[in-house]
Every structure is written in structure tokens, then in C-alpha cells.
Amino acid sequence: MRVLEAIFLVFINPLFYKITLTAATPLIFASLGGVYSEITGVVNIALEGIMLMSAFTSVVFTYLSGNVWVGVLMAVISGLAFSWIHAWGSIKWAGNQVVLGTALILIAQGVTGFLMEPIFGKPGQTDFVGKVEELKIPGLSNVPFFGKIFGELSPFVYMAFAAVAFSWWLIYKTKLGLRMRAVGENPEAADTLGINVFGIRYFGVLMSGVWAGLAGAYLSIGEVGHFRELMTGGRGFIALAAMILGKYNPVGAMLASILFGASSAFANQMQSSSLIHVSATVKPLFDMIPFILTIIVVAGFVGKSRAPKADGIPYEKAS
Amino acid sequence: MNKRFSAILIPIISVLIALAISTVIILLIGKNPLTAYSALIRGSFGSKQAIADTIIKTTPLILTGLAVGFGFRAGVFNIGAEGQMVMGALIAAAFAGNFGFLPPIIAIPLTILIAMAVGAGYAAIAGFLKAKTGAHEVVTTIMLNWIATYFASYMVTGPLKVGSGTPKSPEIANSAQLPILMKVGAIEVSAGIIIAVVAAIFMYILLNKSTTGYEIKAVGFNPYAAEYGGISVSKNIILAMAISGALAGLAGATELMGVHHRFLGELSGGKGFDGISIALIGQNNPIGIIFAALLIGALRTGSNEMQFVGVPKHMVMIIQGIVIFLVAADRIVRTIMIRKKVTK
């Protein structure tokens, strides 16, 4: 009964909803990145690596410039640069996209670990370099319940939702979006209609770098203000699962990200519940919850989520 | 170009390109690449200890390389060798602590069997989900890796915990430990390396001389044609994942029974991921995988020595990443090779 009571208390605690939003934010950005890349037909396992690179780059440039927004900008640029490598290997050279993605993750882990010592003088973790300030909405913080949720949130949270709205409009309401979807479904037909298949695919992958870059920036200078080795901790893959669950649609990916955010917020709040007293030993079992949920979701409900037809297949012009 | 020739040449040229790029990086941080590489070689082959250490590091890598390579041949991408290895070693450690009453001739095979069965079962989850619901094995095996990591950390800080300091399980029974082949100072090379080589030979026979191997390869090559030819695709996907997982579990067993003799906080340390590079560099060929594992094992062993001359050991990960990238996009390398020919 104490467990039920603890669960009930978690759900009526505004902190649970606030943590859900903040935990969902990097997943929303990264899963959007997945949507852009995969609807044009390029599988992007590299999201995890792009996030890691950007998280690191944003900390480096915040450290060098003293301005967090320079850090955010450089995170986006590094996301673009790193995803360009993925695009180059998988579009121009028609490489195996899944394997290229794992290679880029390894390179990102190596590069960020490698550069930490020359730049910050110590391995493992950087010093605190600064953090993007929370957005305080005057008056709102005094409102009961909602004030505790929305009163003081990172601007990244609002940016993530704005990005979803923009992406939905771009993908479903513009000519460019139509072309992206056409290229992912049937590149041969798109090519016959005069659409530049390679160009559109480059656009999709590069945009995934922009969004994954913001996801990485949020993890480091958005949330904690420093960089830690391997700090993405599998979120890139959870984002991929969110994208699949969201049926390759920006709004669906957002909803799925919120579901995963809620599951980790739930694990987090249950761990600190005073009612059931979770010992340090049992904590790892709670940490498993989001990952188990991902498997259930990918296997269970997603039977019907259909990937774009040409997803993962390199396009080669018939010559 | 001759197919067999390019299968050997592409990985070699990829490694050379990766070394060239890493030379530039080492120069950029103001270190001497020659010092770094000589430290790398000294650290991996420079002394008896170094060679023994390289053999120890190579042993599980051959097995995870075989695990991933076997999956590739069957058309499944097993990123979960890491988790299967951890689970196999963890559960085998939990049992083998109590095997003191058994003679080695029973205790050793039994412990190996437990690790392999657990690895196979854990991988089969992903295989089953792929076959039955279409859940992509890349996502599920990665999730299973995380679950295995957290489960292991729960077990060694909770039910299996002994002593303080690094979380660890109790030591396994003496009779379940692998015999020592060679002793250099404090370093003991166990019979694990023989197990790994035998596994490679076994995989070669399974893939090339058996009906099961033929079916698995057929499914990997073209699932639609295989189905049309009366081969059950879903059965073979699950079977391929299970065999792949059994090899990863065996990697865990050699680590447990030959090196640490207990489950330590972080047993795997990325060996499952290394399996991906090894399978690719070895072109999914069991013999190629042995040499690729030796290459990665030597890089890993030597990287500690390289750290002493001021080059972070992460350099090795970068080299490995570049090699995987180039082998995956092998047309880059092919184009370079053709251009060279033309300019000649």
C-alpha cells in the first residue's frame, strides 16, 4: 500500500511534471533530428554521437567566450559538421548507414574524451563553465501547482516545442516537406520528377545535426553547465525509439519523448520518495525503467509504425 | 579487382588512412607521433608481459568479433554483444561460486555452458522481437545493453556483493577457473585463447559446411528468396541471434574464468562494441576476425603506454571509429585505390 501511496504522491507533485518536461526536451530535439533524416531515407544511428560532440563543443566555446549563447550556436554548427560526415558517407559513398552511425558514435566518444585533457587539463569531467539561465515568467511562479511547473523553465524547453511546430509545418505544409517525404518513399520516382534526391537527403541529415546539436547543448550548458564523458548515456537511442513510436512524425515523436521523459521522471521521483525508502542498492533497478519501456514500446505498439520505404537504402542513379 | 584481394586490402588501407589522420591529430596537440606509436608498439609487443597482456585482451575480442560477425552473416546487426557478455558472465559468476564440490572436468564446461546459454537467451529476446513484431534489433539490443549494465550494477552492489571498494561478486570456485597456459610475472594467460580460436574454427565450419549455416546465410543474403525457398526466416533470425549471443556469453565466460575469477563492477568495458569493428575489419571471416581482434587488442594494450607519453588513450577509439567508417563506406577506399592505379 505504501508503494501505491508513493506512486500517487509522485503524480500529484508538480515537480514530477517539471522533470518530465526537462527530461523530454533533449529527446524531443534528438527525435526530431531522427525524423528529418529518416523521412528522406537516411537511417541516423549517429544521433547519440552528434549529441555528444555538440554537448562538448558548447561547453568548450562557453568556456572560451564566456557567453553561453556562443556555446549554443557552436553546438548547432558542430552538429551540422558532424552530421555532414554521416551524410557524406551514406549519401555520396552509399555506405551502410547503421555501421557508419556506430563509427561516428565511437569517433565522438574518442574525440570528446581525447580533447578534454588538452583543453581542460583533466579527464572525466570539465569544470562548471556557465549555464543558460532559466526563463522566469513574472507572476506565474506564484500560481499554485502550475507555477511550480512553468514558473522557471529552461528556454530550451520552449524552443523544443517551437521546433516541433515548425517541423510539422515544414514537413506537411510546404513543398520542401513534400519533396523530403517523396525522396524517402520513392527516390526513383522523385528523381524522375526532377527532384534532387541527393540534395534533399543532405538537407534531411544536416537538419538532424541541427536538432541533435541543440539536444547536446541542452544536456551540457542547458542543464548542468559542464561536460562529463559519455554524458548522453543512450539518449540518442531512446530518441530513435521515440521517433519510431511517433511514427516518423514530429508531433508523434514529441508525444513519445514526453512519455519517455515521464518514465525517467517517475523513476527519479520514486527513488527519492520518503515513503518507500529506496536504498542505493535498488536504484539501478529504477534506472532500468525507461529502457524497459522503450523495448515494450518498440516491440508492442509499433508493429504498425511503418518506416519510409527507402529508409536505409542508399540511392544510386541508374546509369 | 580480385574480390578476395580487395577483402584484405580494404581493411588494411582503412587502417593506414586512420593512422595518417591520427598522426595529424597527435601533431595538433603538440606531441610527437613517432614517440606515441613507438610507445603503442612497445606497450603491446615490447616485452613478454606486454605480449601476455595483448593475448589476454585479444581473447574476448575474438569472441565478440565472432558474435557480431555471425550476426552480420545472418543479416542481423547485434549491437548487444556487450549486454550478452555481461549477463553471461554475471549469471555464471553467481553459480560458479558454489562449484567447489565439482571436479574441474565438470565445473569448467558447466560454467561455460551457463554463460553461453544466458548470452544466447538474452540475445534471443531481441531476435524474437525482430522476428515476431519487426522491432529493430539495433534499438532493442542497445536497450538490453543498458538494462544488463544496470542489472549487473544492482547485483554486485546488492545480492552478490562482497567486501567493500569496487563492486564485485564472490570469487568463483577454483575448479571452475580455466587452466593457466603461461605465467609472466603477475600476468597469467589462461586457456581462454584456445577456446576463442576453437570457436572461430567452429564458426567457420558452421557457416561453410552445415545446413544450418547455409540457411542462416541465405536468410541474411535475401530473406524473401529464402522464404520462397522454404526456409523459415523468423526461426533463423532467432537462431542467428541466439548463436551470436552464445558467442558473446562465451566471451564473458573467458573473462570470468580466465582473468578476473569474479564479476567485477565493469566487466565488459566496451568489448561488445569493439566486436563491431573487429567483425568489419575481419570482413566477417572467422580467420580475419582473429587477426582483427589481435589488432584491436594490441591497440588497447598499447594505449596505456601511449598515455604515459602524453597522448590520451582515447586516440585508439578515434582510430577504430575511422576504420569502421572507411570499411562501411568502402567505396571511398576503392576510389582512392583506383586513382592510384590511374596515376601510375
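Cβ coordinates come from backbone N, Cα and C, glycine included.
Whatever TrEMBL says is automated annotation, not expert-curated.
Note that the structure is a prediction, hence the values are computed from the model and not measured.
Here TrEMBL flags B:7-30 (among others) as transmembrane segment. Sequence-distant contacts of the transmembrane segment (B:7-30), counting only residues of its own chain at least 6 positions beyond either end whose CB sits under 8 Å from a CB of the stretch, comprise 36-37, 280-283, 285, 288, 292, 295, 311, 315, 318-320, 322-323, 326-327, 330, 333-334, 336-337.
The transmembrane segment annotation in TrEMBL covers B:50-72 (among others).
What TrEMBL records for B:84-102 (among others) is transmembrane segment.
Marked as transmembrane segment by TrEMBL: B:108-129 (among others). Within its own chain, the transmembrane segment (B:108-129) has Cβ neighbours under 8 Å at 76, 78, 80, 83-85, 87-92, 95-96, 99, 102, 135, 137, 140-141, 144, 148, 172, 175-178, 195, 237-250, 252-253, 256-257, counting only residues six or more beyond its boundaries.
Same-chain residues lying 6+ beyond the ends of the transmembrane segment (B:141-160) with a Cβ under 8 Å from its Cβ atoms: 78-80, 82-84, 86-87, 90, 93-94, 122-123, 125-126, 167-170, 263-265, 267, 272. Per TrEMBL, transmembrane segment is recorded for B:141-160 (among others).
According to TrEMBL, the transmembrane segment annotation covers B:180-207 (among others).
Counting only same-chain residues 6+ beyond the ends of the transmembrane segment (B:315-333), those with a CB under 8 A from a CB of the stretch are 10-11, 13-15, 17-19, 21-22, 25-26, 36, 274, 276-277, 280-281, 296, 299-300, 303, 306. Residues or ranges marked as transmembrane segment by TrEMBL: B:315-333 (among others).
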